[in-house]
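Copied over from TrEMBL, here are the features:
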DOMAIN    106-318  domain 'ABC transmembrane type-1'
TRANSMEM  9-30  transmembrane segment
TRANSMEM  108-133  transmembrane segment
TRANSMEM  145-170  transmembrane segment
TRANSMEM  195-216  transmembrane segment
TRANSMEM  254-279  transmembrane segment
TRANSMEM  299-325  transmembrane segment
Amino acid sequence: MKGHLVRYYLGKIGLFLLTLWAAITVNFLLPRMMPGSPADAAIAKLSQNGPVTPEMRASIEAQLGIPTGNPFQQYVKYLNDVVHLNFGISYSNFPQSVSSLVSTALPWTLVLVGTVTILSFIIGTMLGAAMAWKRGSLVDATGSVGSSFFSAFPPFWLALLLLFFLGYVAKAFPTSGAYSATAVPTFSGAFILDALYHSILPALTILITSLGGWVMGMRNNMINTLGDDYVTFAEANGLHQRTVMLRYAARNALLPNLTSFGLVLGGVVGGSLLVEQVFSYPGIGMLLFQAVTNQDYPLMQALFLMITVSVLVANFIVDILYGILDPRTRR
């Protein structure tokens, strides 16, 4: 049994490392397959004031850190830069480094979207299990209709509605930013409360629109599980209903939801683009929008790699948890 477990985990680690290398390599190749040079945008602006000489072009490319040498040399340097988290200089925020921009925006997204995503998964899973256990009741019917409605509601539109009614009409919550303009970012209680206050509307948007999927997914999975023989056998042996529900039915019904949770959790880094845009929230989504708008290739490359790696890491963690929850996967 222990040998099967070791082989299972070693296989997952090997697959993770291979996929990670492939993602890093593709991220290296894509910008180099695009037509033109990343310096073209800067040169186009300079050319409005007069002709750009080859010396000026070479100087611009050197300042922007555009790689030179043959493809293999560039690839080796790129791998070394990735290991040291050196993604170059941002074109649109020159001379700021890409790493500094990402390190500033990432905590806001992780705290907001990451926390709300985990909270949504926990609440949705619990509600879905309760609705399945009480299937056919008024609670089940009401919850199913509400979950289906809000899961189909576009986050962008809900964000605009909350912004208009709770922000502009009721003036109950701030309408933009992650904290007040006069606040200084510190770890003080006053600043944390101010940041939490500013995060309420974007957090509600993400929570409401994502909750329904977890509720319906868990409900449907558990209804199928409740008809399995081992659940019927557990009930026939006189086990307490709470034990049957949590230990037998809910635990096995959770597995498909857990797989989906890995994908969603991995997409946290880049999945908040529209919500952050509506509320002017300074996270990764807003940074990605600025990078695409300004054709900031180093920043885009770093963000795409971060999103890809976060998905891979989340799925690797789910694979490990899957092996713990379902021993059949280790055989």
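Here the Cβ of each residue, glycine as well, is placed from N, Cα and C on the backbone.
Unlike curated entries, TrEMBL annotations are predicted automatically.
Each of 9-30, 108-133, 195-216, 299-325 was scored by its Cβ pairs under 8 Å to the transmembrane segment (145-170), and the highest score goes to 195-216.
The transmembrane segment (299-325) shares the most Cβ pairs under 8 Å with 9-30, out of the stretches 9-30, 108-133, 195-216.
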